[in-house]
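Novice: Pasting in a structure now, in structure tokens, and then I'll have a few things to ask.
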Amino acid sequence: MTVDLTNVFQQIDGDYDNLKELLREAVAIQSVSGDPSKRDETIRMVHWMKEKLETIGTVCELADLGTQELEGKTVKLPPVLLGTLGNDKNKKTLLVYGHLDVQPAAKSDGWDTEPFELVEKDGKLFGRGSSDDKGPVLCWLHAIRAAQKNNIELPVNVKFCFEGMEESGSVGLPELLEREKDRFLAGVDFVCISDSYWLGTKKPCLTYGLRGICSFFVEVTGIKQDLHSGVFGGVIHEPLQDLMWVMAQLTTVDNRIKIPGLYEQVAPLSAAEEKTYDDIEFDVAEFRDSVGATHLPTEDKKTLLLRRWREPSLAFHGIEGAFYGPGEKTVIPSKVIGKFSIRIVPDMDPEEVNRLTVEYLNKVWAERGSPNVFKPRPGHSAKPWVVDVNDSNFLAGARAMKRVHGVEPDRIREGCSIPITLTFQELTGKSVLLLPLGAADDMAHSQNEKNNKWNYVEGVKTLLAYIMELGSA
């Protein structure tokens, strides 16, 4: 029997101030997992969330992951928060995953506001983590609270797995989940993750595929220390010049990858699958404007979506060791490390991608002819993921989306990587639903990350509706 949630949804609308306050508290905790100086804050964020889950009756435990070496320091890994709400043997069990850590952010990076202070402007909630992933994590808490306030019994047991290292490769989590396969993960019937985004800004969607990732480091050294460019410029082989030349050989101007053998690994596109792209609602001009671009490599909707979801891509992320900051520093760096990654799709294999990429980098380096020392190496990697759109978990999510938004959600893939998705699917033997709550222009990982007030509130309703729909899944 379908439970009428009309009054509950109205109460959620009226509870916005409380929803916003909790998000403000969460954003203020600078849980940047990749920064060892912020590790205590990341750990504090996990404890903060534990306290919030306990207020709705969740039995929580903190799973210790030990330590890691980070930037020459031994630092404690944030514990993983495991929670159980309900243990009714007559009910199925939903496992919810989310992450509590965030990407680095500073106002000097180009933010209009302080990134760790939640600011509401024009119906948008700006702050690091407001959309990725603290806002969606809090939507689960608010949804269950709303049900409890209205004495609505949840039709499923709910388990929570919240980590603090997702933005740094989920260090230690796959191993923990493997150990917990026959305990915490036992009896899980559904898995849901809300850590992806709508295709646009108006119509909801459900995600059935993700690209994987292979990251790389390219190190060039050649002199024992940084040198004065006026004294030594023109008379030494500069590592930064070499690195920039090598990295420029990886892609064409229209973002096609030049590494031989990569595109040949991509699974063939069937005519039936290609046709599904015709019906997806996507405004190319809106997408272009949302990122502030004047031109795109392609303006064709289908081609753009295929490149975004179903083809590999290569992106550059930065150069360690080169001067970065306001003003000038006329120095020749002695050691530089270029960083880039390749997003991979079915049927690409991470190990083969790593091999082909390093092989190509060494070939290009030989063509450069520099006497400097060149060390390319792969970093972390993750496989791509695809799920059946007719699975009962997926269909429950679709019904929930339509119940809240009044339209059938688009079925899409996404270009980002959530490596733990495949881990959950393999260990539980159940499908994983990616249920996006945020808009395409939320700018996760970028300056001025935000969560629309409307998406935040409607996200609470969507997750509550999804939980209730699982009762008939």
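In case you wondered, yes, glycine gets a Cβ from its N, Cα and C as well.
Bear in mind that TrEMBL entries carry predicted annotations, made automatically and left uncurated.
According to TrEMBL, the active site annotation covers Asp101. The active site, proton acceptor feature in TrEMBL is assigned to Glu166. The Mn(2+) 2 binding site annotation in TrEMBL covers His99, Asp132, Asp195. Annotated Mn(2+) 1 binding site per TrEMBL: Asp132, Glu167, His445, in sequence order. Sequence annotations record features per position, and here TrEMBL assigns substrate binding site to Asp195, His228, Thr330, Arg343, Ser417, His445. Taken from TrEMBL, the feature domain 'Peptidase M20 dimerisation' applies to 208-365. Feature annotation from TrEMBL assigns site 'Important for catalytic activity' to His228.
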Novice: Near His99 (Mn(2+) 2 binding site), which recorded positions out of Glu166, Glu167, His445 have their CA within 10 Å?
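Specialist: Near His99 (Mn(2+) 2 binding site), where near means Cα within 10 Å, the recorded positions are Glu166, Glu167.
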Novice: What is the set of residues, excluding His99, Asp132, Asp195, whose C-beta falls within 8 angstroms of the centroid of the C-beta atoms at the Mn(2+) 2 site?
Specialist: Gly98, Asp133, Pro136, Val137, Glu166, Glu167, Ile418, Ala444
Novice: Going by C-alpha positions, which of the binding-site residues (Asp195, His228, Arg343) is nearest His445 (Mn(2+) 1 binding site)?
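Specialist: For His445 (Mn(2+) 1 binding site), the closest Cα among Asp195, His228, Arg343 is found at Asp195.
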Novice: Counting other Cβ atoms within 10 Å, pick out the least crowded of the active-site residues Asp101, Glu166.
Specialist: Glu166
Novice: With the residue listed as 'active site' as the reference Cα, tell me which of the binding-site residues Asp132, Asp195, His228, Arg343 is the closest one.
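Specialist: Nearest listed residue in space: Asp132.
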Novice: Hey, which of the binding-site residues Thr330, Ser417 is the loneliest by Cβ count within 10 Å?
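Specialist: Comparing Cβ neighbours within 10 Å for the binding-site residues Thr330, Ser417, Thr330 has the fewest.
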Novice: In angstrom units, rounded to an integer, how far apart are the Cα atoms of Asp132 (Mn(2+) 2 binding site) and Glu166 (active site, proton acceptor)?
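Specialist: Computed Cα spacing between Asp132 (Mn(2+) 2 binding site) and Glu166 (active site, proton acceptor) is 11 Å.
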Novice: If I take the alpha carbons of the residue listed as 'active site, proton acceptor' and His228 (substrate binding site), what is the distance between them in whole Å?
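Specialist: His228 (substrate binding site) has its Cα 40 Å from the Cα of the residue listed as 'active site, proton acceptor'.
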